[in-house]
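TrEMBL lists 117-134, 676-689 with the feature compositional bias 'Basic and acidic residues'. Positions annotated as compositional bias 'Low complexity' by TrEMBL: 690-699. Taken from TrEMBL, the feature region 'Disordered' applies to 39-58, 117-172, 676-717. What TrEMBL records for 182-210, 230-248, 289-310, 322-342, 380-401, 421-439, 460-478, 502-523, 530-553, 559-579, 591-609, 649-668 (among others) is transmembrane segment.
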Amino acid sequence: MSRTPLQRHSSLRILRRPSDEDDALLTVHPALLASPHSAPCLRSELPRPHSHPPARSLTRIGGEVVQDTTDAWQAEPLSPPSPIARPLLSRPRASFQRLSSLDNLISYREEKAQWKRDSSLLHVEPTDPEKQAEDDISPLPAPLPSDRHSEASDDTLASTHPKPTPPSSVVAKKHHSNFRSFAAEIGFCFTIAATQFLGEYLISGFAIALPELAYRSNTVIELGQGTLGTFWPASLLSLILSATLLVFARLADVYGGYGLYMAGLIWLGVWTLIPGFCTSVLILDVSRAMQGLAVAAFMPSTFVMVSTFYETGPRKNFVLGLYSGCAPLGFFAGFLTAGALAPAQISWYFWVASAVAFAAAITAYLTVPHDWTDRKQLGLKMDWLGAFLITAGLILVSYALAYEPSADLIHPERNGFSYPAVYGAFTSGMLCLIAAVWVEGWYAKCPLLPFDFFRPKSTSALCFAALCFYASYGVWLYESLEYLQDPNVTKYRFGVQGIELAIWYTPTAVGGLILCVVGASLLHIVRLEVLILLSGLAWIGAPLLLAVCPLPLNYWAVVVPSMLCATLGIDLTYTLTLVHFSATQPKKYQGLCGAMCSILVNLAISFSLPLSEIIQTKAIRSRSCDMSTYSAEARICADKVVNWGFRSMFVYAAASAGLGFVVCVLFVRFPRAAAREKAADEERPRETSSESPTLVDAVEGADGEGAGDVESVRQRD
C-alpha cells in the first residue's frame, strides 16, 4: 500500500518546550526504576539497522484510523532486575578509627542512622502483578508548583532576581566551629595546654629529683669507669626528643595528628608510672628515653590539630597563646613539685606527671572533633632512610660525648677519645649524619629537612646562634641547681635544699609569664635585630654572674639577676627564631618552623651537658690536692677544686653564648615583613574591638607576606 506525503509525515511529532507538567510526569522515583513491574518493556540500546525502518503507515478500519505496529526487527529485551532493590549507599562499617574518639563514634552512629533512612526509601518490596497494574493506571500526581520548580532549577538556570546578600557585619560575626559544644572546645584547650605543661615539667623538675632518685637506688650517679656521667639521665629526654621530632612531625602531616597525639599521651602516662615503682638506674634511663619519645609524638601533633580545627583568626591566636603560656607554668611546677617532696616520696614526681597525662588523654578522647582532612591530597611521604640516619647519628654522637669523661678517668695519661668505645661511637655517628645530609639533599624525594629551608638569608646563621644560646641555657639550668646546693656557695649550712630551692627559681616563672604578655609589644616597639642582641647579652650574663662573683653568693644581688637574664634570653630567642622562620619560609614549611624551634632547644641541651662534663673533668684534673690526710687544709683545697670545676662550666656557657652573640652581630638580619607588622596591623580593619595584637598574630601575620618579601630584603641588604 503506497503512502502519500501527507500520510508519511502525519505521524511526526511537533517539537515544543517542555512545561512544568512534563517535568512532573517525567519525575520518577529511583525505586520505581528498580521495580521489575514498572518497566516491563525495557529494550536493549542496540542501534536499529537501516534495513528495518520503523513502521509509520496508517490504516482506516471501520471508520477508525489504526497505526500499523508490526515491526520486522525486534531488539533483545533487558534482563529483569532483582525483586528487591539494593540501596545505592554503602553501609558504614565499624573500625578502630570510628571508635578512637567520642566524636568519631557519634559521627559513625549518625551516618549509620542516615544510611538506614536512605535505605528504607530505596527498599521496594515485591508486589502482585494485578496490584501493580492498578497502580500503573492510577491518576498522575498533581503538577509541582512553579515556584518550587524554579528553586529546584537554580543550579542550572540563572535567576533573574538575585537574592539579597546579607550585610558584611553579619558575615563577619558568623563563626563555624568544629566542636559539638563550647564545653568540648574548653576540654580540647585543656588537653593541649597539659601537653605543654608536661614537656616543661619533666625537664625542669628532674634536675632536682635526680640526686634523690640516685640515693633511693643506693647508687651515686657520678663520673667513673663504665658510667655515662652525671647528666646522662637528664639529657636522654632532650636527646630522644630532638632526634625523633622530625620523624613524628612528618607522620602527623601524613596520617593526621589525633592518633599520634593519643599514643604519645598514653605512652607518657605509662613510662612516668613505671619509674615511680622501680629503683633501678637502668629503668630510669629507659624511662627517660621513652618519655622523650612520647613528647616527640604529641608535640607536633598538637600544632597539626590546632591548624585543622581552627581557621586563622583571633580564636586560633588565643588557643596558641594559651598553649605557649603554659610553658613557664610547667617549668616552675616541675621545680616546685620536686623540691616540695621528701626524699622518700620522690616517686610522686613521676606519678603526678602520669596522672596529668592520663587525664589529658581521657579529655582528648571526649572532646577532640573528627578530622575530615584528606591527607592523601597533600602528597607527603615518609623518608624512612633519612629518619634512621638522623636518629642513629645524633644518639651515637651524644653517647660518645657522654662516655668520654668517664673513659678519661680510667687512665689519666690517655685521652678519652683514644678508647674504642668513644671514637667508635663518635665516628659511626658522624658517618650517619654525613650520609643523612646526602640523603636529605640529593636522594630523598620528600626529605624530612629540605635544604630549601636554610636557603633564605640569615636562616643558617640564626640556627647556629640559637644552638649556642640554648647550649648556654642547658648548662646554666642543670649546673646552677647543683651549684646552689653546695654549702660553700650559699650562706646555708647544708646548702639550699627542697622547697626553698624551688622558691629561689620563682623569678624564672614570673619573668616568663610577663614576657608572654608583653612579648608582642616588644616586637612592635624595638627593632628585631636589637632584641636578638639583647637576648645574646642576657645569655652571656646569666652564667657569667655565677662564674665571677665571690662566694658566698648573695641571692638578690647575684642569683636573681642571673635568673632574670636566663629567662629573658630563652624567651626572646625562642620568639625571635619563630618569627624569623615564619617570615622567611613559604607556607609548605610553616609546620616545620615550630618543629625546628623545639629541635634547636633540645638538641643544644642534650649536647651541651656532656660537653660541660668534659670541661669539668679537664678543669679538676688541672688542679690537684694532697688528700692523704683529712686535714682542714685538704678539705679547703678540695672545695676549691670543686668550685673551680663549676666555674669552668659556667665560663664555657658564657663563651658559647658569646659565640652566638658574635654570629648575630655579623650575619643575622630579620626581614622587613616582620618589622613592618605593626603598621600593617594598624591599617588592617578589625572585626571586633576585642581583637588585640598578640605574639601569635605577629608570627602568623608574617606567613602571607614574609615569603614574598625575602627577595626584597636581599636586594636592600
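Heads up, the Cβ atoms here are built off N, Cα and C, so glycines get one too.
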Feature contact check the transmembrane segment (421-439) with the transmembrane segment (380-401), CB under 8 Å, 3 or more pairs: yes
Is the transmembrane segment (502-523) in contact with the transmembrane segment (559-579), using at least 3 Cβ pairs under 8 Å (sequence separation of 6 or more) as the test? yes
Between the transmembrane segment (591-609) and the transmembrane segment (230-248), are there three or more CB pairs that fall under 8 A, provided the residues in each pair are separated by 6 or more in sequence? yes
Same chain, outside the transmembrane segment (591-609) by at least 6, Cβ under 8 Å from its Cβ: which residues? 203, 231, 234-236, 238-239, 241-242, 245-246, 249, 253, 299-300, 303-304, 307, 394, 397-398, 401-402, 449, 453, 463, 466-475, 477-478, 574, 577-578, 581-582, 585, 653, 656
Contact between the transmembrane segment (322-342) and the transmembrane segment (502-523) (at least 3 Cβ pairs under 8 Å, separation 6+): yes
Who are the chain neighbours of the transmembrane segment (421-439) in space, where the CB to CB distance is under 8 Å and they lie at least 6 residues beyond its ends? 383, 385-386, 389-390, 392-401, 403-404, 407, 447
Beyond a gap of at least 6 residues from its ends, the CB atoms lying under 8 Å from the transmembrane segment (649-668) belong to 458, 461-462, 464-469, 471-472, 475-476, 479, 529, 532-533, 536-537, 539-540, 542-544, 546-547, 569, 608, 611-612, 615-616, 619
